[in-house]
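Q: I grabbed these lines from TrEMBL:
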- 19-82: coiled coil (COILED)
- 149-204: coiled coil (COILED)
- 310-321: compositional bias 'Low complexity' (COMPBIAS)
- 227-265: domain 'RING-type' (DOMAIN)
- 844-909: domain 'CBS' (DOMAIN)
- 304-335: region 'Disordered' (REGION)
- 481-504: transmembrane segment (TRANSMEM)
- 516-535: transmembrane segment (TRANSMEM)
- 566-584: transmembrane segment (TRANSMEM)
- 605-626: transmembrane segment (TRANSMEM)
- 678-698: transmembrane segment (TRANSMEM)
- 705-727: transmembrane segment (TRANSMEM)
- 755-779: transmembrane segment (TRANSMEM)
Amino acid sequence: FASEREVLTNRIVEGDAHQWQLQEEKETLELRLNEEKAQLTTQMEMQVNELNSKILESYQKELELKAENQELQAMLEKERIMYEKRLVEEKNMLEDCRNRSEALLKGSIKELEQRYNEDIAKLQNDLDSGSLEQEKMVKTMELLEQKYLDEKKKSEQQLLMEKKSYEEKFQALQNLVIEKEKVVEVTNQKLKEEEDKLKNEANISCIKAKQDLINNFEDVIESELQCSICNELFVNAVTLHCMHTFCEYCISKWKEKKKDCPVCRSKIVSQTRMLVLDSLIDRMLDKLSDDLKNRRQEVVEERKVKELLSAKPKPSSSESRSNPRERRHAGSRGTNSRVEVIEPIVLSSESESDEDTLDSDASSVEGDPNVYYGGYGHCYRCEDKFECNLTPVAAGSGIPQVKCYLNGVKIPRVVRIKTLAVKVIGVVTSVVGGLAAGKEGPMIHSGAVIAAGISQGKSTSMKRDLRIFKYFREDHEKRDFVSGGAAAGVAAAFGAPVGGVLFSLEEGASFWNQSLTWRIFFASVVSTFTLNVILSTYHGHPGELTYAGLLNFGKFDNISYDFKELPIFLVMGCIGGLMGSLFNHINYKLTVFRMRYIRRKWLKVLEAALVAAIAAIFGFIMMVFINDCKPLDKDPTRFPIQMHCSDGDYSAVAAIWFQTPESSVKSLFHDPPGSHKFISLGIFFLLYFLLSVCTYGLSVSGGLFIPAILTGAAWGRLAGMSLTTMLPNSTWVDPGKYALVGAAAQLGGTVRMTISLTVILIEATGNITFAFPLMLSLIMAKWTGDIFNEGIYDIHIKLSQVPILQWEPPPLSNKIYASEVMNHPVVVLKTVENVGIIVDILKATPHNGFPVVDPCTERKSASLPRVFRLFRALGLRHLTVVNDAHEVVGIVTRKDLARFHVWRHAGRMGVEQLVISEDS
């Protein structure tokens, strides 16, 4: 027994070693597979770039040839017009010469006849007077008659010669014109032949490039549109609640064993058939190879057979467990086809790591969760499990999303309870973490979410329905509540209920009525009162309602302004507009860079951490190397920071950096003159300006109001300190009021709001005296900034490709009619329609609006401004276009109107039309 035990032990050791060797070989093969996959991906990207460059070159050549053809046609047209003008001039000249010759001939003949008649009369008189001279008179008469005939004949011959000469010239001109017309015809024929030849060559090259592109990227196309369970193109695609898509057959088989998603491991709650995705795959099959078409047909038939067999009695559990590895993998394409996978990848429900639960093809559904395509509504999957399961729409300030929602655009998950939770947690961590971000924008978004949830009386995220407020479960009613929630957020942030109402009117709501005004104002007042009660209790003074809002800028009681300061306020408004436009331009370039290159989760986290680290490093360097020490009695903070200052002093630079942004703004508004140095305040302004530019657009929750106000207060106080230096004996110069005007100008130049910002700042500071200077600086900031670009919110909305409609239609668009904007031909439904016809229509059309009976219609001759105002005033999503016989000829959607944009540059403006591909 000992020897047998030793033999068995040796065999077990050898088996373990062999198993370990097999494991090492497996890991080596997986590494090689990943390297080959990366190399193939790089090669495919290089081929895509080359093919795109070839297509662009052929397109540019075609444009150049078209331009040359147009130039030649224009030259020929000019020459033809010139020759026609010369021919007409020659004809007119010949006609004038002929008329003059005839007139001269008639005049000379008439003159000769008159002279002849006079001589005859004279001779007749002489004959009557005496018969002696009769013979002489007869001879004279004969001589005169002969002379008259000779002159007449000579004049006629001369006229004939001139006429013949002019006819010869006219014939020569006609021959010249005919020759030129022949030359033009030959040239046009040659140009037409060359154009046809070039068009054929360009079409052949484009078709070849497209075919090469399709052939080279069939695997990539399949990986984007294939089921991660069977690695086949979707057959009857089904999308789960977590936005992961599978075949209907595969997910039904999966649900027989497990109740969670194969990719993200979340519990399966609901599923939706994706008819549009099936239609897309069917249209793509025509462009793929015959093998892939045949393979898909085989898969479809195989699924039908399996469904029929599934109706038979299932084998016993013992038989099914006898050969668990007998079933082979059905996929022959995609990533797994290159390594000849015999056994399907098992997604274990017991493993907790993402690497064990995700299939090798899960990368095909990764992407940016903030990008949505309008054509098929496809949402790129997020790599971060937290963001994917919760709400990526919670990133940023939230004002652009709320503005789009109030405009009538349905933004997914923008008013969900999960969005509220992520928003609150995110803004707390971003502000505490030292980023240049405020909490005003997230508060506005949070108020909108709360209002939307209250109005519906249910929660989609929590799957709870209280069955109340069913009357308000309409789109327009929900939008009205969201408008009130946004206004309540502004009122709670700044303690400005009137400013909240004006903010909702100016920047948010698209559909407004009189009854909505007092409702929103009531919500804003209640929000301010509730916050006042909570803050008074928190500070230990319950019932003492002296806390208007979260932000307290202090009171400007003893500060006034002089009439001669108004030009200074105008100049500060222009500077604020320039600084705001510079902020928007840099942030636009940075956002485009982020959309192109910073798409993965770890890159976004690294970017946020890098910005926070840079802010901390530069702030620390500034506090160490700048000596700005002040006596302790001038310290505006509760906890003085000495740093490298001597005893009894504090560091003014550290006081700015270590305070909250709201406290720093209050210090810049109310600190006495001489509290700060030029160099410290100037460097702080530059650093905080750049940090706020980099922070807005990060994947964190944070607003823009406080960073813009703090930046503007910094350069505004610098302007006041400069005036104090230049005018030391002037009593009216106070750096605090210039800091207030600078803050308003900077914020107005960035977001381009006027009325609401003026009222918000007046209510936040409690000083109505500065209403006119604030309004003046905000208007100048908006006018100056509009010369260069749009507001920051409008820029980010355009980058998100959301079809938002502005307050007014684009200028200079009165000559654009509804027939040029509409989509046609339009699909019309009867009042009673078969379900099969409706399903076929939904499969074949990319939109969801179909005219039935008594819709809101407009004639095709209606102008674009009229159509635009109907959409804005009535809150339409579709508008049916009819002809003079009231027959439906087209349909206009928000997407069609959103193509027309206004461009402004250097004081000029015009209308541009965005080109939208037919596949979108």
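From the backbone N, Cα and C atoms, a Cβ is placed for every residue, glycine too.
Can you tell me where each of these features sits in the structure?
A: Looking just at the coiled coil (19-82), the mean pLDDT is 82.
Within the chain, the transmembrane segment (481-504) has long-range Cβ neighbours (under 8 A, six or more residues past its boundaries) at 402, 405-406, 415, 439-440, 443-452, 454-455, 472, 516-517, 519-521, 523-528, 530-531, 547-552, 705, 753, 755-757, 759-760, 762-764.
Non-local neighbours of the transmembrane segment (678-698) in the same chain are 395-397, 435-437, 579, 583, 586-587, 590-591, 594, 604, 607-608, 611, 614-615, 618-619, 622, 626, 628, 652-653, 656-657, 704, 707-708, 710-711, 714-715, 717-718, 721, 792, 796; each lies 6+ residues outside the stretch with a CB under 8 Å from one of its CB atoms.
Listed as Cβ neighbours of the transmembrane segment (705-727) (distance under 8 Å, sequence separation of 6 or more from its ends, same chain) are residues 436-441, 493, 551, 568, 572, 575-576, 579-580, 583, 661-662, 664-665, 668-669, 673, 676, 678, 681-682, 684-685, 688-689, 691-692, 695-696, 733-747, 750-751.
When Cβ-Cβ distances below 8 Å are used as the criterion, the transmembrane segment (755-779) is approached by residues 490, 494-500, 502-503, 505-507, 548-549, 551-557, 559-561, 565-566, 569-570, 572-573, 576, 669, 737, 740-741, 743-745, 747-748 of the same chain, each at least six residues removed from its ends.
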Q: Under the DSSP assignment, what numbers of helix, strand and coil residues are found in the domain 'RING-type' (227-265)?
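A: Residue counts for the domain 'RING-type' (227-265) by secondary structure: 10 helix, 9 strand, 20 coil.
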Q: Sort out the residues at least 6 away from either end of the transmembrane segment (566-584), same chain, that have Cβ-Cβ distances under 8 Å to it, and list them.
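A: 689, 692-693, 708, 711-712, 715-716, 719, 723, 738, 741-742, 744-752, 773, 776-792, 795.
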